[in-house]
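Report on one structure; see the data block that follows.
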Amino acid sequence: MAIGILNSLLASDHSSIVSMNLFVALLCGCIVIGHLLEESRWMNESITALVIGVCTGVVILLTTGGKSSHLLVFSEDLFFIYLLPPIIFNAGFQVKKKQFFRNFMTIMLFGAVGTLISFGIISAGAIQFFKELHIGDLQIGDYLAIGAIFSATDSVCTLQVLNQDETPLLYSLVFGEGVVNDATSVVLFNAIQSFDLTHINSTIALKFVGNFFYLFISSTLLGVVTGLLSAFIIKKLYFGRHSTDREVALMILMAYLSYMLAELFYLSGILTVFFCGIVMSHYTWHNVTESSRVTTKHAFATLSFVAEIFIFLYVGMDALDIEKWRVISDSPGKSVGVSSILLGLILVGRAAFVFPLSFISNLTKKAPHEKIEFKQQVTIWWAGLMRGAVSMALAYNQFTSLGHTQVRGNAMMITSTITVVLFSTVVFGLMTKPLVRILLPSPKHLSRMLSSEPTTPKSFFLPLLNNGQESEAEQGNRSVIRPSSLRMLLTTPSHTVHYYWRKFDDAFMRPVFGGRGFVPFVPGSPTEQNGPQWQ
C-alpha cells in the first residue's frame, strides 16, 4: 500500500512538472507572438495572451475528454501575493511623478470618488435586475461585493494601449485612476467582507466609511515609510562599495516587504506597494550605483511584464473551466442575460462619473491646455471599460471555495465574471487603439499642447523616473527656475504646492534620505565621475 501511495505521489509530481513546462512554454510563445504583433493596429500583449490561453484551454479540454481546461488550479494567494505586487510596484516605480502629482486631484476624483459612484450604480443595478432573474440565493453582501468586483478597471490592459510620451495627460489620468481604482475596489471589497451587512443602520454605515478611509490613509503611509526606510538604509550603509548585488536585492526585498506588511496588518497592499515604488524611485534609486540603477530598472519592468502575461494567459485558460459551466448548463440564456446586464451597468457606471467629474475638474483649471476636452473624456471613459485579473480574483474570493463551487448562484456569478472579462478585454481592447487614433489624430501636437515639460528621452540616464526634470548637465545649476516652471508656478494652486514641496524636499528630505544631488561621495560610486554634488 505504501508503494502505491509513493507511486501516486511521484505521478502527481511528474504531472505538475509537465504542467509547468507547458505553461512556461506558453509564456515564451506569448512573448514571441506579442513581439511579432508589436506593430499591429489592433492587438496588444494582453489580448494575445488571452487568446492563446483560450486556445490552449480548448486543446486541454479535448485531450482530457472535457474534464479540465487549465494546467494550474487558480489560487487567490498566487495572484495577490506573487503576481500583483511586481505589477503595481513597477507602475509606481516607473511613473512620471511630475505628471502624476500635477493631476493628483483629478486622479483622486476619478480613482476614489468615481469608483464609489460606479460601485453604487452597479450594486443598485444588480439588486434590481438579478432579483427579478432569480439567479440564486444571493445576500446583500453579495450584491455589494458585485459592485466592488466590477468597479475594478483593468489598468494593465489599458496602459498597453496608451503611450505616456504621445498623450501625457491622458496616460497620467488613466494610469493614476487605474491604480487608485484597483486599490479602492479592493479596500471596498475587504470592508464589505469584514462587516455584517444584513442589517444596515447608521452606525454600521459610519463604521464602514471610517474603516474605508483608515485603510486608504494607513496603506499610503506604510508604503511611504517603507520606501523612506529603504532609502535611509542604502544611503547610510552604501552597499555599492562592496557589492551591487546586495543593494539590488535589498531594494527588491524591501519593495516586496511593503506589500506583505500591508497584508499582515490587513491594509491595502496595492496602495502600499504603489507609493513605496514612487518613494523608492525618488530617493532610493539615486542612492545606488550606476550599474544597480540599470539592473533594478529592468528587473522591476521584467518581473511586471512576466506577471501580466501569466495572469492573462491563465484567465484565458480558466474561461473554459467545465465544472462551473456545467452547474449553469440548463439555463444558458440566463447566463447571457446576467453578463449583458453587468456590461450595461459597467458602461453606465463609468459614464456616470467620468463626464460629471471631468466637468468639475475643468472648473478648477485656469489654463485651457490643462482642461479635459470632450474627446479626451470619451477616451478615458472607453479605456476604463475593460475588466481583468483583479475582478477575477475578487469574484473567486467571494463566490468560490479554493476555486470550486457547486452553488448555482455562485457559479452564475463566476461564469458571468469570466464572460465580462473576456468580452471587455478582447472587444473593448481591440477597439481602443483605433478609437484613440480617431479621437486624437495628432498625438505629437497634442503632447506639446498638453505638457509644458519636455518629453523624457528613452535612455537609462534619463528614464521615466526623472519625470521631465533637469538633465544631468542642468543639475549643477539647480537654483535657476526655467520659464516653463515659472509659468507652471503662476497658473494653478496645485503647482504652488509642488513648488513648496520641492523646497522642503531639498532642504530636509534629500539630506536625510538621499536622492539626486545628495548621493554620498564614495570611491567607485556614480558621483565619482560627476564631480562634487550638493550636500
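Quick reminder: no glycine exception, Cβ is built from N, Cα and C everywhere.
Away from its own ends, the transmembrane segment (17-37) comes close to residues 43-45, 48-49, 52-53, 56, 71-72, 306, 309-310, 313 of its chain (Cβ-Cβ under 8 Å, at least six residues beyond either end). Look at TrEMBL and you will find 17-37 (among others) tagged as transmembrane segment.
Taken from TrEMBL, the feature domain 'Cation/H+ exchanger transmembrane' covers 24-437.
Feature annotation from TrEMBL assigns transmembrane segment to 49-66 (among others).
The transmembrane segment annotation in TrEMBL covers 78-95 (among others).
For the transmembrane segment (107-131), the list of distant contacts is 100, 138, 140, 143-144, 146-148, 150-151, 172-173, 176-181, 183-185, 188, 216, 338, 341-342, 344-346, 348-350, 352-354, 357, 360-361, 380: same-chain residues at least six beyond its ends, Cβ to Cβ under 8 Å. Among the features that TrEMBL reports, transmembrane segment is placed at 107-131 (among others).
Residues or ranges marked as transmembrane segment in TrEMBL: 169-192 (among others).
Positions annotated as transmembrane segment by TrEMBL: 212-234 (among others). Long-range contacts of the transmembrane segment (212-234) within the same chain, counting only residues at least 6 positions beyond its ends with a Cβ under 8 Å from a Cβ of the stretch, are 112, 183-184, 187-188, 190-191, 247, 250-251, 254-255, 257-258, 261-262, 265, 267-280, 283-284, 287-288, 512-515.
Among the features that TrEMBL reports, transmembrane segment is placed at 255-280 (among others).
Feature annotation from TrEMBL assigns transmembrane segment to 300-320 (among others).
Per TrEMBL, transmembrane segment is recorded for 341-360 (among others). For the transmembrane segment (341-360), the list of distant contacts is 106, 109-110, 113-114, 117-119, 121-122, 125-126, 129-130, 146, 150-151, 372, 377, 380-381, 384-385, 387, 416, 420, 423-424: same-chain residues at least six beyond its ends, Cβ to Cβ under 8 Å.
The transmembrane segment feature in TrEMBL is assigned to 380-399 (among others).
TrEMBL lists 411-431 (among others) with the feature transmembrane segment.
When the stretches 49-66, 78-95, 300-320, 380-399, 411-431 are ranked by Cβ pairs under 8 Å to the transmembrane segment (255-280), first place goes to 78-95. As a quick check, the transmembrane segment (49-66) and the transmembrane segment (411-431) clear the bar of 3 or more Cβ pairs under 8 A, pairs 6 or more apart, so the two touch.
Most Cβ pairs under 8 Å with the transmembrane segment (78-95) belong to 300-320, among the candidate stretches 169-192, 300-320, 411-431. Only residues 6 or more beyond the boundaries of the transmembrane segment (169-192), in the same chain, are considered here, and those with a CB under 8 A from a CB of the stretch are 88, 91-92, 95-96, 99-100, 102-104, 106-108, 110-112, 114-116, 119, 141, 144-145, 147-149, 151-156, 158-159, 162-163, 208, 211-212, 215-216, 219, 266, 268, 270-271, 274, 370, 372, 376, 379-380, 383-384, 390, 394, 397-398, 440, 450-451.
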